[in-house]
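For reference, the structure is listed below as structure tokens.
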């Protein structure tokens, strides 16, 4: 039977519940247990698919096409379990389902209330998401005390009681601030946070205390005394120079032993040698490169969380320190390509909308004409095709219908007809709902033998995840190919362009899919690894 570890946060947000949870999951997995993770988001949006990147950060796409919280990206990077649509749900999703049942008459005229109807639905989804895992870690978003999270906390209180203490425990993350003028860490915020939890019927079993300074044994003993938590279960988690140290830090304090003993699990010891290798490669690089990342959401780098991590993973696999130079594409429009001088490679990620697109196109032109290694992802591929059409083929008005519906040379356009899972044709237009109307999830891609991308993957068919509405216009494809654009990847049925490469260029690859969603620190990703190798070659050439 599945054991549950519920993870909450207190005092302030952004303490790193996702990283701490994923790190504990990684240790339990290293002990031979089957582990899964869930993220429960208290906001009322149905999913984060239509939320602003400046507010929410990245939308992580699962293998089965769910648009989810970026924490699921952390989960997949730390454990081998593949996340699905069942591993993340929101208040909006829960209420939507309950209201749909009410409209159908499933509740037989009952008055619909938060308790029991909403909490029952939350519990049902937790159990479904946990599946047949030995241990399921369930992270509740937000901070204890937020009004939005109350139904979730009540649901886990009920579920904890229903399954019993041998199958459920609560891990609470808090902040232990360091007061410089006093020269000591303060435990009072943690005490009050636990008091808040206990007021709603939740007693934590484990406290993970975050701090930017060491937490001495006397402070941990004081926290244990005032919170009714065993002293061995008060874990000090100081800021680390890489998040991939966290599994080792938690293991060194015996957190996994505490969990295994509490649940009565039979398993072996933790083999963290893979993580030791990751940390060593991360902290002891042999080379260094600088790569320009030209995007439009640079005010909140969490909008590119998986991509930034994927570049770090590529650095790990190549024993290379990857310095990312973050450049807003609008700055290129205003200040020119001088911002790109001296970099070893250029990366253009995905995005939506007209703002900053011309700056991205200019960055592509700079990379192509100056033979600088280039990797384009999603919109980064679409602007590569637009730039090629404008400056090689001579179609100066070439564009995407996303940005200019009147262009005579719309080399990128909206797919207007899709088949749903039943085979029925669904028609979409520019005015269709934004939510849930994209090409989403894992898709097959056929690679052209002898291409750069094939050299990276060393496979004829790959599977990568998508999140987009627009595709290269097949009606104009013959002219693009005739002008030299190389189509090195196509969809499984051969109908859609997935990867393009520029002619007469040392390394220029642009893909419609999002490879960053499948990159991990232990395995890296072949496309990003190849990109960093190309940047290394460029760096050595320029040295």
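Using the three backbone atoms N, Cα and C, a Cβ is placed for every residue, glycine included.
On a predicted model such as this, the values are computed, not experimentally measured, just so you know.
Between the candidates 71, 106, 120, Swiss-Prot assigns the ATP site shared with 14, 15, 16, 17, 18, 19 to 71. L-glutamine binding, as stated in Swiss-Prot, involves 351, 379, 380, 381, 382, 469; the candidate among 333, 402, 482 given for that site is 402. Confidence for the domain 'Glutamine amidotransferase type-1' (290-541), expressed as mean pLDDT, is 92. Taking the centre of the Cβ atoms of 14, 15, 16, 17, 18, 19, 71 as the ATP site, the nearby residues of that chain (Cβ within 8 Å, site residues left out) are 9, 20, 21, 74, 139, 173. Note: the Cα of residue 351 (L-glutamine binding site) and the Cα of residue 378 (active site, nucleophile) are spaced 8 Å from each other.
Each residue in 350, 352, 378, 383, 400, 412, 468, 470 lies on the same chain as 351, 379, 380, 381, 382, 402, 469 and has a C-beta within 8 Å of the C-beta centroid of that L-glutamine site, without being one of the site residues. Residue pair residue 147 (CTP binding site) / residue 380 (L-glutamine binding site) shows a Cα separation of 40 Å. Across the fold, the C-alpha of residue 71 (ATP binding site) and the C-alpha of residue 514 (active site) stand 17 Å from each other. Within 10 Å of its Cβ, the residue among the recorded positions 71, 139, 402, 516 with the fewest other Cβ atoms is 402.
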